[in-house]
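Undergrad: One structure, as structure tokens, below. Some questions next.
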Amino acid sequence: MSAQKIYLASLLLFICLVFPQSTAIVCNFEGHCVTSDDCINVCKSGEDPFLCVRSGPHKGMCCCLKTNGSVLE
């Protein structure tokens, strides 16, 4: 039983190291939108429009992709 626990802990550690959270989508929330097409002209400073958020605290705002910012959940 002890060997199984060590194996499981090692497997979980490996997964955490191989798949870090840094691969999550990162957004800068800008403007107001109803559809994702509305975000094309909203995103500034070379950011790519990603989607119009339709729920949660950022409802009705455009998610503009960037390198540092809020993680989209």
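Each Cβ is built from the backbone N, Cα and C atoms, and glycine gets one as well.
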Undergrad: Do you know which of Cys27, Cys39 Swiss-Prot records in a disulfide with Cys62?
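TA: As annotated by Swiss-Prot, the paired cysteine is Cys39.
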Undergrad: Just name the winner among Cys39, Cys43, Cys52, Cys63 (the disulfide-bonded residues) by count of other CB atoms within 10 A of its CB.
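TA: For the disulfide-bonded residues Cys39, Cys43, Cys52, Cys63, the Cβ with the most other Cβ atoms within 10 Å is Cys63.
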Undergrad: Would you mind pulling the DSSP three-state label for Cys43 (disulfide bond)?
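TA: DSSP call for Cys43 (disulfide bond): coil, neither helix nor strand.
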Undergrad: So of all those disulfide-bonded residues, Cys27, Cys33, Cys39, which one's Cα sits nearest to Cys63 (disulfide bond)?
TA: Cys27
Undergrad: Are there disulfide-bonded residues among Cys33, Cys52, Cys62, Cys64 that sit within 10 Å of Cys43 (disulfide bond), Cα to Cα? If so, list them; otherwise say none.
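TA: Neighbours among disulfide-bonded residues, in sequence order: Cys62, Cys64.
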Undergrad: Which ones, of the disulfide-bonded residues Cys27, Cys39, Cys62, Cys64, have a Cα no more than 10 Å from the Cα of Cys52 (disulfide bond)?
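TA: Close disulfide-bonded residues: Cys39, Cys62, Cys64.
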